[in-house]
C-alpha cells in the first residue's frame, strides 16, 4: 500500500512539474514588449554606455544603397535577361514595386518605434510575442551569417581578378589565396585565406565606431553608384533599339519568374531600420532612408537592364559576366575593368552593412536577455557593441575561410521573406482597435491575425500552383480565398490613425506584401523550406532551455521601449541611476 501511494505521489509530482514547465514556457513565449503612454520616455539598459547618434539622412540613404547593390547589378541583370528577354525591365519594375510596398511597412514602424536597435525582431516582439520575435531573429541571422561568408568569398575573387591585371601577379596567385579555394576531403573543406583577412579588416573598421564605418560605406557606395552611372551612359551610346524587339519573346511567364528572382537583388533596404539608435533624427530620417535608398536602387537596376538588352540581343548574353561581355564585344574593354572595380566596391559595402546589422541585432537580444549579456556590452569610448561585432566577424571568417558557402546560396532569402512578411503583419496588428474604443480586444486582435494567416497561406498555395503548373482553377481558388481574407480585414476591422509617417492603404498594402512574399517563398529551393523548419525547431529548443529563463520583464536590466510623440526621441540610462 505504502509503495503504491508513493508511486502515485511521484506520478502526481512529475505531472505537476511537467505542467508547470509547460505553462511557464507558454507564459514566457507569449510575452510582448510593452509600449507605454507617450509621456513615458524611459529606456533602461544594462550597459554603461549607449550607441552614439552620428548618422544623418544622407548616411542612411547610402547605408541602404550600400546594402542592396552588390556585384549582382552587373550579373543578375544579364542572367535574367537571358531568359526573359528585354522584358527583364518589367521584372525589375514588378519586384521593385513589391519591395516599395514592403519598405512602406518598414518605414511606418521605424518612425513609430523608439530609436533603439532591433528592427524586425523588435517590431515582432511588440506586435506579437517573444518566441515569434526570437524565431524571426534566427531566420534573419542565418541568412546574414551565410550571406556574409559567401560575399566575402566573392569579394576575394574580384580582388584577385584586379590584382591579376598587373603582370607581376598574373597567374602567380594560388587558388587557396582568393580564387575559389584549395579543396580537401572531397570538397567538404575549401581553404580560402583572403576572405577571412578582408572580414577582419572590415570588423576592425566597424569596431572603431559608426562614424568611421559610415565614412567607408559612403565612399565605397558613392564609387559604386558613379561606376554604375558611367556604365549606363557608356552603354547608352551603343544601344540598338531593334534588340528590344520582341520585348517578351517567350510571353509573360518568364518575366514573372524573373521578378521572383530579382526581388532578392533589392533586399537590404531593411538594414536602415536597424540603425535607429545611431540616427540623428530617427522619426524623420529613417522612412526617408528606407524608401529613398530603394528608389535609387530601382532606378539604377532599370537603367542597367535597358542598356544590357539594347547593346546585345538577349540570347547572346553570357551567364557569368553578361555586362562585361557586352562591353568587351563592343571594344570597350576599359568598362569591363571599371565593372570589376565597381563589383569590389559593391561587395565591400554589402559586406560592411551586413556585418553592421548583425552586431546590432545581437546587441538587441543581449539587452533583452534572450542571448548572453556579453552581447549587450557597448565599448565606452568607441560606442560600438565590440563583443557582438567580433563574434559576427569570427563566425563569418570561419565560414568563409573553411567552406565553399556558395553551394548554400539556394537556402538563403528565407530570412528576408520571413522578416518582410512579419513586419507587414506587425503594421496591421499594431493598428487594430475596437469600433467602440481606442483599445483592441483579444477577440478582435485574434480575428485580424487569423485573416493575415489566411492571406499568407493563400499566397503560398498560389505560389505552389504557379511553380508546379497546377490547374489554373486551384490558383484562382487560392487567390480568391486570400482576397476574401483581405476583405474581412478591411470591412470587419477598424484601424487607428497614427502621427508621423503612416503606411498608406492599411490593411490592403501590408496584406498584399504578405501575399506576394509568401508567393515568392513557394518559388525558392525546397531545401530552403527544410532549413526553415529545422531552424525553427532548433530555435524553439534554445528558447525553451535558455531564453525563457533569462528574460525578466520586471528586471532593471531589461530594456523597456515606449512609444513617443514629437519629433525627437531620447534614451535615458535609468539603470545607471539605481
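Yeah, the Cβs are placed from backbone N, Cα and C, and that goes for glycine too.
In TrEMBL, the annotation transmembrane segment applies to 528-546, one of the ranges 528-546, 547-565. Sequence-remote contacts of a segment are chain residues at least 6 beyond its ends whose Cβ falls under 8 Å from one of its Cβ atoms, and for the transmembrane segment (87-109) they are 77, 80-81, 123, 247-249, 252, 254-256, 258-263, 265-267, 269-270, 272-273, 286-287, 290-291, 294-295, 297-298, 301-302, 305-306, 309, 314, 420, 423-424, 426-427, 430, 498, 501-504, 509-510, 512-513, 516-517. Beyond its flanks by at least six residues, the transmembrane segment (528-546) meets 25, 29, 130-131, 134-135, 138-139, 142, 370, 410-414, 418 of its own chain at Cβ-Cβ distances under 8 Å. It is 390-408 that, among the stretches 121-142, 214-235, 288-314, 390-408, forms the most Cβ pairs under 8 Å with the transmembrane segment (184-207).
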